Amino acid sequence: MQVLLEKMSVPSFSAEQALNNIVKCWVVVALIGQWLFAAYILSVYAFPTLLGNTALTLSLSPGQGAKSESATDTLIFFAHILPAAIMAMSGLLQLIPNIRRNYPKFHKYNGRMFFIFGLSGAFTGLYLTWGAGFRFSDLGSLGVTLNGLLIPIAIYFAWKTIINKKLKSHQRFAIHSFILVNGVWSFRLYLMAWFVLNQGANGNSRNIDGPADIALSFASYLLPMLIAEIIFWAKRSESNKVKWSAASFAAIGTIITTIGVFAAGTMMWFPRVMKAFEGLF
Ligand code: HEM
């Protein structure tokens with residue numbers, strides 16, 4: 001009996017493998033969500049502008065930026081959003097180890113581009129919010145404002161550590177830079193996931209300054225940053241308990257991202273992409 005049981009070896013997962021697999025699942029789901037976001041930006045803002053159909057952008061853009069009467073603010077608005085499509089298409093590729101190993105030059109130049117666009121996104125975003133006044137409310141803009149202030153700090157350290165060849169620290173700050181630059185993307189995922197889970201608004205307001213809106217605007221980058229830190233801690237730790245706990249946190253993060261990608265994709269981005277294509281062709 002003992003021999004039979006030994007032969008029927010049940011496939012076992014180590015905590016380390018479980019953690020790695022969950023992170024891989026998150027990358028796949030996030031990649032789908034990032035490309036949907038890129039498709040949205042390209043079809044609502046880039047293609048109509050290139051084809052001279054600005055009326056289409058005006059009809060599909062949810063915010064105030066595209067409707068501005070100031071030429072300077074319109075220019076800054078487009079300088080803010082168009083690089084976002086490029087970052088959404090290629091930013092996540094920086095986190096894939098195989099690409100880093102096999103295409104080091106791509107990693108280097110793609111990383112530089114991500115940092116430059118990330119910095120310009122943060123500065124133009126802060127200007128659009130507080131200079132041009134494209135905000136629905138002061139209170140509701142605090143989360144994204146802190147997000148915009150943290151982006152240059154994380155990018156500065158990611159840059160400094162790679163110049164000083166401190167690879168481990170670079171990796172850590174680069175991941176935080178990635179999370180922060182994508183805070184506005186996560187906010188859309190979290191908000192839409194919140195609507196789906198609550199079957200509608202719950203603590204939300206039209207001006208995006210309800211208690212749930214404010215909590216989600218901070219959680220959109222603070223929660224993934226916390227999960228990333230827990231994963232780094234688990235990778236350094238020898239303890240299986242710590243690794244399993246990190247795997248559980250990573251799984252919760254992956255579930256939230258999956259619901260968010262599904263919700264934002266089906267409720268926010270895909271319908272607008274379809275309308276843009278109907279209007280263009
Ligand atoms: C660097 C990362 C960022 C990216 C990738 C990004 C991306 C975008 C995108 C795609 C839009 C168009 C919105 C839509 O059509 O749904 C947008 C609009 C906007 N973003 Fe950002 N953003 C970033 C950072 C920020 C920050 C840090 C702030 C504020 C501090 C900000 C403020 C704004 C404002 C005010 C608008 C215009 C909203 C409107 O039209 O009413 N962004 N951003």
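The backbone N, Cα and C atoms fix where each Cβ goes, glycine too.
Using a Cβ-Cβ cut-off under 8 Å and counting only residues 6 or more beyond its ends in the same chain, the transmembrane segment (21-47) has close neighbours at 13, 56-57, 60-61, 66, 78, 81-82, 84-86, 88-89, 91-92, 95-96, 182, 185, 188-189, 231, 247, 250-251, 253-254, 257-258, 260-261, 264-265, 268-270, 272-273, 276-277, 280. What TrEMBL records for 21-47 (among others) is transmembrane segment.
Among the features that TrEMBL reports, transmembrane segment is placed at 75-93 (among others).
The feature transmembrane segment is assigned by TrEMBL to 114-133 (among others).
If you look up TrEMBL, you'll see 139-161 (among others) marked as transmembrane segment. Long-range neighbours of the transmembrane segment (139-161) within the same chain, counting only residues 6 or more positions beyond its ends whose Cβ lies under 8 Å from a Cβ of the stretch, are 115, 118-119, 121-123, 125-126, 129-130, 167, 169-170, 173-174, 176-177, 180-181, 183-184, 187, 205, 207-209, 213-214, 216-218, 220-221.
For the transmembrane segment (173-194), the residues of the chain that approach it from at least six positions outside its boundaries are 33-34, 37, 84, 87-88, 91-92, 94-95, 111, 114-115, 118, 121-122, 125, 143-144, 147, 150-151, 154-155, 157-158, 161-162, 202, 204, 212-213, 216-217, 219-221, 224-225, 228, 256-257, 259-261, 263-264, 267-268, judged by C-beta separation under 8 angstroms. If you look up TrEMBL, you'll see 173-194 (among others) marked as transmembrane segment.
Residues or ranges marked as transmembrane segment in TrEMBL: 214-234 (among others).
The transmembrane segment annotation in TrEMBL covers 246-270 (among others). Through the fold, the transmembrane segment (246-270) approaches residues 15, 18-19, 22-23, 25-26, 29-30, 32-33, 36-37, 39-40, 186, 188-193, 195-197, 223-224, 227, 230-231, 233-234 of its own chain, all at least 6 residues removed from its boundaries and within a Cβ separation under 8 Å.
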